[in-house]
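Listed in TrEMBL:
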| type | residues | note |
| --- | --- | --- |
| BINDING | Gly133, Lys134, Gly135, Gly136, Val137, Gly138, Lys139, Ser140 | ATP binding site |
| COMPBIAS | 1-11 | compositional bias 'Polar residues' |
| DOMAIN | 21-90 | domain 'MIP18 family-like' |
| REGION | 1-21 | region 'Disordered' |
Amino acid sequence: MPADTGSQNGGSAAEPSRHERLWGALGTVQDPEIRRPITELDMVESADVDAEGIAHIHILLTIVGCPAANAIEAAVRAAATSLAEVTAVDLHVGVMTPVQREALTTRLRGDRGEREMPFGPGTLTRVFAVTSGKGGVGKSTITANLAAAFAARGLRVGIVDADVHGFSIPGLLGIGENAEAPVKPTRLDNMILPPVAHGIKLISIGMFLDDPRAAVAWRGPMLHRTITQFLTDVYFGDLDVLLLDLPPGTGDIAISIGQLLPNAEVVVVTTPQLAAAEVAERSGTLAVQTGQRIAGVIENMAGLVQPDGTVLDLFGSGGGDLVAERLSTVAQRPVPVLASVPLSVELRTGGDAGTPVVLSDPENAASVAILKAADTLLTGGRSLAGVKLGLSPR
Ligand SMILES: Nc1ncnc2c1ncn2[C@@H]1O[C@H](COP(=O)(O)OP(=O)(O)OP(=O)(O)O)[C@@H](O)[C@H]1O
């Protein structure tokens, strides 16, 4: 049956036709991985409502076996049936041809060439590299919670989990925890679509290993290539904030990031322990040497408030202030302590459960400290005001 027009619809010329209303409804459906309306991604090949109220819709998935297929189909049906005039949905699902897919990846890249990095100098995205001197100080936990705090503020957030030897961000955000069935990102030819958790786009070396339990024993050049690929081939889209979870110390990855992203702002995580301060200082010093700005220090695992109200300084005190003071000397500008995050059972259990505590329990003392650090990071450094982001016009 032919599609109606505004006049066939019985309304005035200014009223949208059934056809237009259907397209409008389909425009509310987003591809869950690309996070753009499917109508903008040329994923709706045709859509019309016939005189009996049957919506005939033909959608094109990006690839065969698209993991988001069921979600997209359900959302398309729901969007169509939300229109009063639609009595039934006749949905056909196909797959893009290689030519259509290439047109899509070209559009998504916008003005960028295939191997061009979107997060280097001149980017509109705030890039924070989270580093620490020692392992186990809670750097990944802080990164995941900072990302969730930014996302909770309505920002578009991505994480590159570059901690090759201890990639834990997927688990902290509740994806890919199961080593038997690690989450694999979708590939669109040379483009990699990062999985999304709690509104955060995430890519991790753990997603590319056949056996994520196996130790990664890569040498510098391989690590450099992988990080470069993450920054160029992964489609993060327009991000307000990109966080990088670096491995502890001053190894190959930290040096690569220093070279690739001299514009990154570095967040140094340390414990209150004075002995840990010296190693943390070294990570910050490397950042200064590569021209990166130190955004601040986050002291983690600070005093635990006990049920009787007394505070147990399990890891001593003063480490955050000491690192900030020393880095201020190295950087020749004041480096602030962004927050002192207390030891918190809820912070740990939130990480174990894959839901950052800043989302599940924003009143928790650890959440309050991390949310404060996130806000300070946003207000410091470059402003996001006036950032114009979006798909390049057709
Ligand atoms: N403030 C805190 N209170 C209680 N537990 C915490 C806190 N911060 C981190 N933890 C716990 O400490 C452990 C180490 O944290 P995490 O994995 O984030 O450290 P890391 O510095 O990223 O380690 P690595 O870089 O060596 O992988 C985790 O079990 C985490 O849940």
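The backbone N, Cα and C atoms fix where each Cβ goes, glycine too.
Computed from a predicted structure; not experimentally measured.
Close to ligand 1, meaning a Cβ under 6 Å from one of its atoms, are these of the binding-site residues Gly133, Lys134, Val137, Gly138, Lys139, Ser140: Val137, Gly138, Lys139, Ser140.
Neighbour counts of Cβ atoms within 10 Å were compared across the binding-site residues Lys134, Lys139; the minimum falls on Lys134. Report note: the ATP site is defined by Gly133, Lys134, Gly135, Gly136, Val137, Gly138, Lys139, Ser140, and the residues of the same chain whose CB lies within 8 Å of the CB centroid of those residues, excluding them, are Ser132, Pro248, Val269, Thr271.
The Cβ of Gly136 (ATP binding site) has 12 other Cβ atoms within 10 Å, all protein chains considered. The Cβ of Val137 (ATP binding site) lies under 8 Å from the Cβ of Pro248, Val269, Thr270, Thr271, Ala276, Ala280, Asn300, Met301, each on the same chain and at least six residues away in sequence. Within its own chain, Ser140 (ATP binding site) has Asp161, Asp163, Gly166, Ser168, Ile169, Leu172, Asp245 as residues 6 or more apart in sequence whose C-beta sits under 8 angstroms from its own. Between the binding-site residues Gly133, Gly135, Gly138, the minimum number of other C-beta atoms within 10 Å of a residue's C-beta occurs at Gly135.
Classification of Ser140 (ATP binding site) by DSSP places it within a helix.
Using DSSP to sort the residues of the domain 'MIP18 family-like' (21-90) gives these counts of helix, strand and coil: 19 helix, 19 strand, 32 coil. Regional average pLDDT for the domain 'MIP18 family-like' (21-90) in the model is 92.
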